[in-house]
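K.L.:
Here's a structure for you.
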Ligand SMILES: [Ca+2]
Ligand SMILES: [Ca+2]
Ligand SMILES: [Ca+2]
């Protein structure tokens, strides 16, 4: 290996003495260079030259790098303001989450929502696939109790076709894991991930709690590492929902949910569910605008909400292979789901199985939150999602500590007391006073006797 040494001073005599060939680098500054003979130590030569009375100083000819930035080539990335704010790909290595991990196809995020447009070109490569199931043949090939559940399942019509006919699930899927650097559209937070679709919301964003529970059970049965639940309601406290989330908690499956868009409601005072349940595996997310302030539509809760994430003017995938902007705590929760997927991938790449270690992932996400005065009283962490910081808190070399597997990963679905559910119509809410912002967030409303 050849190295070069730049030195300064009256050194021609020295050169002759040392039998080295010097070259002029800068006549003005009196800098010259030499090539260290092959096989010689750079350090030894630096030491010899720096001690020589005819040489003012000698130093290594350091290699420089062009300041080019290998940005992903997705043409709409510049419109994704949140991706720039989250610490994914900007700055020095330690400031970039993607330096640590760009996700893994060993990690599965089940999006319990209106389905996913699995044919969307920015989503197709990251769709979860049940490889033991043959799609569209009318047969339950893997004998898991669900016919043709190839990308997930649709509990609205008990079919394997979980295609989105609303927009909501597809938009969230793109935030979590749209393909990146594919010269197309947008990037997801976790460019490599498995997106499992479970559909319980219909074409207007309405769905019954019982079907949401069936989705949660399905996600456990099929081994999803976490679920994203961007829906709920202020009157939706339900014993069935509590029991189902408890089963996910017992399995160590992360349950990410949105605080709701009731225009600044305190969910400690006026709880919305499932956001306000206190299970240890729940991460409840509030939304911020581009300026880092709590978004006007976002609920909050010093006890019941955990962390903020971008939720306003969010560009992501929508139906018909398109892209569109939507606002809401739903979107904020999807950013946290993407971050959790990256964190799980980072653990996995360190040799630690945390696929059912909700506590470790939740701790990393919350400990990494960037605290700001504006968010101090809005959630337990008092801060906004910082993906790079969260990943930096995962030790480089962690002891292999196998987390207990999912007790629900085989066998039949557990039965829930769905007969106790009395569900009514669900409707997205929006504030007519702010037509520019339409936080579509499906609400569960239970019709009580
Ligand atoms: Ca099946
Ligand atoms: Ca089949
Ligand atoms: Ca893309």
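A Cβ is built for glycine as well, from the same backbone N, Cα and C atoms used for every other residue.
I grabbed these lines from TrEMBL:
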DOMAIN    105-369  domain 'Peptidase S8/S53'
ACT_SITE  113  active site, charge relay system
ACT_SITE  168  active site, charge relay system
ACT_SITE  330  active site, charge relay system
REGION    424-449  region 'Disordered'
K.L.:
Between residue 330 (active site, charge relay system) and residue 113 (active site, charge relay system), what is the CA-CA distance rounded to a whole number of Å?
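P.N.:
Computed Cα spacing between residue 330 (active site, charge relay system) and residue 113 (active site, charge relay system) is 10 Å.
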K.L.:
Across all chains shown, how many C-beta atoms besides its own are within 10 angstroms of the C-beta of residue 168 (active site, charge relay system)?
P.N.:
26
K.L.:
For the C-alpha pair, I'd like the distance in angstrom between residue 168 (active site, charge relay system) and residue 113 (active site, charge relay system), rounded off.
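P.N.:
Cα-Cα distance, residue 168 (active site, charge relay system) to residue 113 (active site, charge relay system): 7 Å.
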K.L.:
Helix, strand or coil for residue 113 (active site, charge relay system)? Use DSSP.
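P.N.:
DSSP assigns residue 113 (active site, charge relay system) to strand.
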K.L.:
Calculate the per-residue pLDDT averaged over the domain 'Peptidase S8/S53' (105-369) and state the result as an integer.
P.N.:
96
K.L.:
Please report the three-state DSSP label of residue 168 (active site, charge relay system).
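P.N.:
Note: residue 168 (active site, charge relay system) is helical by DSSP.
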